[in-house]
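Let me begin by presenting the structure, written as structure tokens, before commenting on it.
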Amino acid sequence: MADQLIIFDTTLRDGEQSPGASMNKDEKLRIARQLERLKVDVIEAGFAASSNGDFEAVQGIARAIKDSTICSLSRANDRDISRAAEALKGANRSRIHTFIATSALHMEKKLRMTPDQVFEQAKLAVRFARNLVADVEFSPEDAYRSDEDFLCRVIEAAINEGATTINVPDTVGYAIPELYGTFIKTLRERVPNSDKAIWSVHCHNDLGMAVANSLAGVKIGGARQVECTINGLGERAGNCSLEEVVMAVKTRRDYFGLDVDIETQHILAASRMVSQITGFVVQPNKAIVGANAFAHAAGIHQDGVLKARDTYEIMRAEDVGWSANKIVLSKVSGRNAFKQRLQDLGAQMESESDVNAAFARFKELADRKSEIFDEDILALVGSESVAREKEQYSFVSLSQHSETGERPQASIVFTADGKEVKSSSDGDGPVDASLKAIEAQVKSGAEMVLYSVNAISGSTESQGEVTVRLQHGGRVVNGVGADPDIIVASAKAYLSALSKLHSKADRVAAQG
């Protein structure tokens with residue numbers, strides 16, 4: 001029988017550390033539910049001690065999710081660990097993930113602690129956490145750049161104190177696959193009690209090798225847990241990509257000899273949801289979930305695939321949630337057909353009221369578009385106006401006038417705390433005029449640091465998905481809006497970003 005590989009998803013914690021990727025607690029819960037549908041083994045729901053908002057998010061996820069272990073990160077101190085345990089009280093299965101840096105650079109420059117002090121603090125932290133929960137994970141931060149002898153001492157002590165998982169981070173993405181795999185193997189051989197814990201890998205993508213390093217840690221090193229994120233989301237160049245690791249292990253089971261429990265047909269819906277909520281667009285050539293992942297342009301390749309799929313395809317697109325049926329619904333489609341299509345796409349809603357709300361928006365869209373594509377459906381149900389807590393600002397209507405040689409004019413109606421607001425402005429273009437009209441009333445003072453438009457499907461009547469990133473007072477937030485009218489989509493995205501900007505709580509920095 002093959003060994004089991006544990007999938008530990010940290011999209012909601014490490015993934016959220018990407019500048020602009022902050023999520024509110026309702027958005028985190030939606031992603032957590034999708035991760036549960038994927039059958040992710042462990043969901044790191046956040047860093048409970050970092051802010052009241054993160055505490056509430058971890059607490060809400062712990063109470064709602066039944067099939068996955070829910071984990072909270074904590075620094076190696078009693079306050080953080082107690083806060084994590086408190087947030088996790090309602091979970092069916094809970095884990096505290098505590099960490100402290102062990103590299104000479106981090107100990108000296110960041111912690112200003114001696115190795116002996118770090119050693120003692122690591123021991124005490126694991127001991128304290130183990131008295132609160134049965135499942136404790138310990139991470140020596142920046143492990144790959146740590147002194148090997150010292151690292152072995154710390155890990156041995158952590159296991160003696162009750163750590164059930166030892167995670168070995170390549171915090172800055174410095175590792176090379178063969179060397180990292182050998183590093184994990186050496187640690188497991190040198191630590192006397194290594195067989196008492198599950199070994200885990202956590203790799204960053206600074207040199208583009210997070211997935212390769214993680215797989216080497218599994219194959220060469222014998223790790224049996226991989227820490228990863230949907231779409232490889234994470235600070236700097238990102239984290240190990242969940243979808244790539246899972247499909248590599250499943251597709252090359254002959255090589256890895258491992259099983260994973262992930263329900264892969266829900267991968268695309270998870271990717272789309274994370275992209276839509278965070279505003280981080282998936283590149284077209286991204287493995288597994290990119291728009292071109294299963295596309296063949298060369299004539300010889302197309303001919304081969306038509307004759308036999310396995311000539312150029314090593315996976316079936318349907319296995320990760322893609323559908324060969326591009327035009328799926330129209331304005332005459334009923335609610336049952338719509339609900340079935342959601343299920344086919346792995347995009348189930350949380351309740352019947354959410355289905356009704358999504359169906360109403362689908363009918364509105366169908367009145368404006370003759371053909372509704374899978375991508376339209378995923379954008380629609382992933383939009384922030386479905387199944388989320390009420391936003392401070394929401395779009396109502398917009399009109400604009402533009403003629404060659406004249407400055408465009410825009411008039412917009414939106415709600416602010418439930419009250420309708422009307423505003424008009426001119427601008428350098430219709431989008432500029434619309435956003436200036438909003439700003440004239442809101443007066444946020446925020447700086448726009450990103451504006452991007454992505455066509456959801458390939459036709460001229462495609463919905464445009466707009467991402468707006470705002471920065472103010474050290475805060476960076478994303479807003480996303482989708483609509484066949486790019487100007488309307490832009491206004492929706494801007495209002496969404498403003499709502500996040502005004503509700504985001506301050507938080508402290510966490511481990512990489």
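Heads up, the Cβ atoms here are built off N, Cα and C, so glycines get one too.
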Swiss-Prot annotation, Mn(2+) site containing Asp14, His202, His204 - matching residue among Asn24, Asn231, Asn239: Asn239
Secondary structure content of the region 'Regulatory domain' (394-512), with strand meaning DSSP E or B: 31 helix, 51 strand, 37 coil
The one of His202, His204 whose CB sees the fewest other CB atoms within 10 Å, among these binding-site residues: His204
Listed in sequence order, residues with CB under 8 A of Asn239 (Mn(2+) binding site) and six or more positions away: Thr10, Asp14, Gly15, His202, Cys203, His204, Asn205, Ala210, Glu227, Cys228, Thr229, Gly232, Leu233
Per-region confidence, the region 'Regulatory domain' (394-512) (mean pLDDT, whole number): 87
